[in-house]
């Protein structure tokens, strides 16, 4: 039986990948959709990494006594989570209504206006990052700055997709992308900011032009940008520990990245790191000897913004305490966070019923964003504001699910408010017609969507 565990995890991963490709080819769900970003992260962190752990019987820093037993339970969670997630995504109610309610009036902006805005936004991002630290507010501003940097790159991609050989577009695009990538790397330890900027560029190209091409041409257009992003992320991963330990400047960081072993960094990125081991540890240690905190992550989304100075005993998310609970040696327990991924959180916060609740919640959550895109398919402000959260969506299945969800909402709402003001000032209202096949869950109708005020 134990010999079948790793193949079963891999079969689930391949099945999800095949579903993503099939629905993309049938144009039931966009190939580059929020749902597929989430599932891509789920495949790496919740399916592939556990398969590696089972096949090697190595759990890294986590001590898991019965690896195969824990992996069997984790596989059961995955088999429940995936169909519940997909059912909630495709057949959940209320998402189209909510997306329509929060969709602003469509606006039309010229390419050169978007080019100018990308320059202005990249300059504003630098100013935000230079602002003095302020408790709570600084964290919000950091995520907002990364979201705006991703939007600036998305605007470049949006314009470049139709003006590929325009020297002004290319020159401004290179400048904006360099600034935004520098800001993403500057003082960062996680990789989501780099992914957000890289995917922001790809997002703009795809939704302006690539989504109307056949899949082969889409790959030709987007592969160089995706590979370049992976290379930067891999180089950063290979040396990121040194930047925090030694407080390097941006120039020192870039120099070290050019000298790092990108292949080892890529292996680290694609392996899923310790997520599978952490999830198995949670399966093995909850509800005994540790007590479950039922659906705590949902409560954490509500209490997150209460300052600790006002609530000294405010509970911490599992990721903050996991190093202490697992008695991991050689790390600073007060600083390190080790999220076990959405299935690990389910194991620690209720078991199988928590896996169902989280599957339904996140299925609806990502559907809302895909629905927003489908209703605003020709509005760069809405499309790019959604794309600015791509790094968080990729890591949502692996990271602290409460904090990541909050980061997505803060980034999206903050970016959307700024872009909404800009669209009112600089864009002209237009009627919007979304193509039938643009609706993410296969709910195509015989009429095009037409949006009016009210």
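Here the Cβ of each residue, glycine as well, is placed from N, Cα and C on the backbone.
When TrEMBL is compared with the stretches 218-239, 240-261, the one noted as transmembrane segment is 218-239. Proximity of the transmembrane segment (140-161) to the transmembrane segment (6-25) is not established, fewer than 3 Cβ-Cβ distances being under 8 Å for residue pairs spaced 6 or more apart. The stretch in 70-91, 218-239, 404-422 that contributes the largest number of Cβ pairs under 8 Å to the transmembrane segment (6-25) is 70-91.
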